[in-house]
Structures are given as C-alpha cells and as structure tokens.
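*Asks:* Please see the structure below; I have some questions.
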Amino acid sequence: MRKIYQRVLLKLSGEALMGSLGYGIDPAVVQGIAQEVAEVAATGIQIAIVVGGGNIFRGVKAASKGMDRATADYVGMIATVMNAITLQDALEQVGVPTRVQTAIAMQELAEPYIRRRAIRHLEKGRVVVFGAGSGNPFFTTDTTAALRAAEIEAEVIFKATKVDGVYDSDPHKNQEAKRYESLSYGEVLTLDLRVMDSTAIALCKENNIPIIVFNLSVSGNICKAVMGEKIGTIVGGFHESKRS
C-alpha cells in the first residue's frame with residue numbers, strides 16, 4: 001500500500017467497540033480493529049488513537065438522571081481507559097507495539113500523557129492510545145481527539161462511526177437522507193450536523209486538521225481511509241480552502 005500520510009489520529013467511539021452487543025466490548029470487533037491498524041502500521045504510517053467510553057458509561061446521560069456532571073464525566077474517563085487497555089492488548093497480540101497514555105495518572109496501568117513522549121513513541125513505530133479524555137470534565141472525547149491531533153501534529157483525524165459518512169438526517173430513520181462528500185467546518189456548525197461538537201470543530205479549523213468520517217463496520221475501511229481511498233465524508237482541509 002502506498003502511504004499518503006505520515007502521522008494520523010484515529011477516533012474510535014466506545015459504542016463502536018461493542019459491535020452488536022448492547023453493552024461492553026465485543027472481542028471480535030476489537031480484534032478486527034487491531035488487525036486493520038496492524039496493516040496500516042506495517043506501512044510506516046504513525047498512528048495515534050483516541051477512544052471513547054460510551055459502551056461502558058456515558059457521563060452526559062448519567063448527569064441528566066441526577067448525577068453530578070463533573071463526577072459523571074470522571075467516571076466516563078475511567079471507562080475510556082478500560083477501552084484503551086483492551087485495545088492495547090488486542091494490538092500487541094497481533095504484534096503491534098502499543099503504549100497507553102492517560103490524562104489522569106494511573107501509573108500502574110499506563111503512562112501519563114506527555115506530548116514529547118507520545119511523539120517519540122510514534123516516531124519509533126509504536127501505536128499510542130490516549131485514554132481518560134482530556135482529563136477535564138465537560139469536554140468530550142471528540143474534543144480530546146482534536147486537541148491531541150493538534151498537539152502531536154497529526155495530518156488528519158479519522159472518525160470511525162456506524163454510517164458511511166455525514167448525512168443531512170439520520171439514514172437509519174430517513175431513506176431519503178443525503179450523504180455529503182465534503183463539508184467545510186462552517187457548514188458542519190451552521191447545518192448542525194454534529195460530526196463533532198463545536199469545540200472540536202473549532203480546534204480542527206484553527207489548526208487546519210481535516211476530519212474524515214467513515215464506517216467502521218465495513219471490513220477494510222480503516223486501511224482504505226488511511227491510505228487515501230475516497231470513502232466517507234471529508235470535513236475541512238483542502239475542501240475548506242475551496243469554499244473560502
């Protein structure tokens with residue numbers, strides 16, 4: 001495979017890891033992700049991953065039912081670490097050296113997040129999985145993905161979802177839903193498309209980091225996306241300058 005990127009960030013939602021299960025982690029899904037990441041890493045592309053925790057706990061949902069929001073968000077951060085360690089194990093079982101770095105210190109389980117160390121791991125060919133979000137309540141893991149991408153100077157964010165791009169309405173509920181091939185950051189916000197939250201979009205725009213949204217459930221899509229094949233929807237980047 002011919003690589004077009006040097007360093008990328010893959011954003012995985014917690015829900016993506018549970019596959020067809022109603023809760024938790026589907027081992028087959030995690031193993032499939034690990035195999036695809038291994039294929040990409042073998043080409044020399046540097047890969048960092050930010051993983052969510054919604055398959056185990058959702059802070060916003062818990063807060064809506066009376067739990068203190070900050071406390072709920074911290075519990076959600078711990079859930080992301082559970083996913084990160086699971087992903088690390090799956091990657092190492094297929095021969096990919098992997099490090100987990102967390103924004104909240106958990107020295108018995110993972111390294112603390114240190115930007116320079118993360119970059120050094122990437123340069124050595126290791127996959128780095130970021131857990132515990134940004135370490136701050138009230139911020140989503142999408143915002144964490146944008147932040148970490150900017151910090152490690154990733155060229156692009158690949159956001160893995162359950163649909164093949166960004167639509168003007170829910171394609172599961174509306175058969176007439178239209179899929180966008182490309183969007184500007186401004187269009188995402190103006191049309192309220194919820195690709196990522198507004199803070200994440202603002203960070204990507206400020207740092208000119210394109211976002212490619214694609215369907216994780218299709219086997220081979222991680223490789224296709226990272227190798228530059230046209231799939232899903234691209235937000236910002238080259239398409240942003242064309243619309244300005």
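Cβ atoms here come from the backbone N, Cα and C positions, even for glycine.
Keep in mind that this is a model prediction, so the values were computed, not measured.
Annotated ATP binding site per Swiss-Prot: LYS11, LEU12, SER13, GLY14, GLY54, ARG58, THR161, TYR167, ASP170, in sequence order, evidence recorded as sequence analysis. If you look up Swiss-Prot, you'll see 19-24 marked as region 'Involved in allosteric activation by GTP'. Sequence annotations record features per position, and here Swiss-Prot assigns UMP binding site to GLY53, ASP73, SER134, GLY135, ASN136, PRO137, PHE138, PHE139, THR140, THR141.
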*Asks:* What's the CA-CA gap between LYS11 (ATP binding site) and GLY53 (UMP binding site) in angstrom, rounded?
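*Replies:* So the alpha carbons of LYS11 (ATP binding site) and GLY53 (UMP binding site) sit roughly 12 Å from each other.
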*Asks:* May I ask for the distance between THR161 (ATP binding site) and GLY53 (UMP binding site), taken between their Cα atoms and rounded to an integer number of Å?
*Replies:* 14
*Asks:* Consider each pair of residues in LYS11, LEU12, SER13, GLY14, GLY54, ARG58, THR161, TYR167, ASP170, all listed by the record as binding ATP, and report the largest Cα separation in Å as a whole number.
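*Replies:* Comparing all Cα pairs, the maximum is 24 Å.
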*Asks:* Using DSSP with the three-state reduction, classify LYS11 (ATP binding site) as helix, strand or coil.
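*Replies:* Going by the DSSP assignment, LYS11 (ATP binding site) falls within a strand, counted as strand.
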*Asks:* Can you give me the Cα-Cα distance between PHE138 (UMP binding site) and GLY54 (ATP binding site) in Å, rounded to a whole number?
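*Replies:* Rounded to a whole number, the Cα-Cα distance is 15 Å.
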*Asks:* Can you count the other CB atoms that lie within 10 A of the CB of THR140 (UMP binding site)?
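*Replies:* I count 19 other Cβ atoms within 10 Å of it.
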*Asks:* Calculate the distance in Å between the alpha carbons (Cα) of SER134 (UMP binding site) and GLY54 (ATP binding site), and round it to a whole number.
*Replies:* 15
*Asks:* Give the distance between the Cα atoms of GLY54 (ATP binding site) and ASN136 (UMP binding site), rounded to the nearest whole Å.
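*Replies:* Rounded to a whole number, the Cα-Cα distance is 16 Å.
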*Asks:* Mind computing the max CA-CA distance among GLY53, ASP73, SER134, GLY135, ASN136, PRO137, PHE138, PHE139, THR140, THR141, which the record assigns to UMP binding, rounded to whole Å?
*Replies:* 15
*Asks:* Compute the mean position of the Cβ atoms of GLY53, ASP73, SER134, GLY135, ASN136, PRO137, PHE138, PHE139, THR140, THR141, which form the recorded UMP site, and then list in sequence order the other residues of that chain whose Cβ is within 8 Å of it.
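*Replies:* Same chain, not in GLY53, ASP73, SER134, GLY135, ASN136, PRO137, PHE138, PHE139, THR140, THR141, Cβ within 8 Å: GLY59, GLY76, MET77, GLY133, THR143, THR144.
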